[in-house]
Amino acid sequence: MQKSKAVTIQRHIVEQERLFPKATGDFTGLLWDLTLAAKTISREVNKAGLAEILGLTGEVNIHGDAVKKLDVYANERICKSMEHGGHLCVMASEENEDVIPIPDEFPKGKYVLMFDPLDGSSNIDANVSVGTIFSIYRRKTTGRDATIEDCLRKGMEQVAAGYIVYGSSTMMVYTTGQGVHGFTLDPSVGEFLLSHENIEIPSKGKIYSINEGNAHTWDEGTRRYIAYLKENDPSTSRPYSLRYIGSLVADFHRNLLYGGIFLYPADYKDPKKPKPKLRLLYEANPLAFIVEQAGGMASTGKERILDIQATELHQKVPLIIGSKEDVLLYEKFFNQK
Ligand code: AHM
Ligand code: MG
């Protein structure tokens, strides 16, 4: 870990933008609005043990207000924080079936924001880390209003991506294609401070993260790969350790720092119709952009995540992500007939 310098995330974003002489400041404003939403969600997540917020959506709290589940709260918070800034032309969220237009009363900008407001939220009642994931593109269409076409992109077109992990501390990690940088929220001053500059994932790890309860649904290649990782072979630093939180952002964040591989392969119960679980636009693409910027890899087993052309807003993909040597080896196992 790098020694902490007192660099706030705002200053860092501005300095990153100065690397692009033609930048208008729009992008800085967009990221700034997002950090504000992140701080608010962090505050609410930290209060999660306090009864009223844990109620089901629709329950009424002591003030007579409808209590919202945290994922609903986070979704609304991001939409409200982002819609009026004039930076965005359209949004899409894992929680909404269709794209989220920018209301007519607000100015429209040139960026597209896609996000998973609170990933892993099924863990929240047990005080397990959860996260927000975001992905930013430049608008592609030229008509009056942005459309779904502006969202159905290849991950390699992203201009920025990041996540916030609400863990033992709250951290925001982002990239604009100039390396990966991590900031820790200092709750006493309410600022994200640069704590992890230029994160690089080790080229090979010793950790694998997968839901082993799904082993009966795996393809043959995944089975052989996981069995291989468990063999005791000191010359190749095996066996690996299994670490699985079940909260993608937290599993990914740990592996990014320590090295390792996270796998959510497709369910092959019906071999003719493999069923992946994780979403391309809100989960796989942003984390793939980050991991590549940190020197790692993200793949479906067959192809690079960032090369996939999205055809649906809620498209799902197998996700194998982490240290480069680990992902390359998985691909070998997966493709061996
Ligand atoms: P969610 O978007 O509904 O929260 O689901 C995604 C989560 C990821 O955070 C996590 O990696 C995965 O689902 C865990 O799934 P499982 O419980 O099947 O292992
Ligand atoms: Mg999710």
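All positions are counted from 1 along the displayed chain.
Cβ from N, Cα, C; glycine included.
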Problem set entry | Asp119, Gly120, Ser121, Ser122, Asn211, Lys277 bind substrate per TrEMBL; candidate in Tyr174, Tyr240, Tyr244, Tyr258 listed for that same site | Tyr244
Seminar exercise, completed: Checking TrEMBL, the member of Glu231, Glu283, Glu292 that binds Mg(2+) 2 with Asp116, Asp119 is Glu283
Exercise. Of Glu94, Glu95, Glu97, which one shares the Mg(2+) 1 site with Asp116, Leu118 in TrEMBL?
Worked result: Glu94
Exercise. Taking the domain 'Fructose-1-6-bisphosphatase class 1 C-terminal' (201-333) alone, what is its mean pLDDT?
Worked result: 97
Seminar exercise, completed: Students should find that the Cα atoms of Glu283 (Mg(2+) 2 binding site) and Asp116 (Mg(2+) 1 binding site) sit apart, in Å rounded to an integer, by 7
Exercise. Ligand 2 is in the model; which of the binding-site residues Asp116, Gly120, Lys277 have a C-beta less than 6 angstroms from one of its atoms?
Worked result: Asp116
Seminar exercise, completed: Tyr244 (substrate binding site) -> DSSP, reduced to three states, gives coil
Problem set entry | Contacting binding-site residues, sequence order - Leu118, Tyr244, Glu283 vs ligand 1, Cβ under 6 Å | none
For this session: Look up Gly120 (substrate binding site) in the DSSP assignment and report helix, strand or coil.
Result: coil
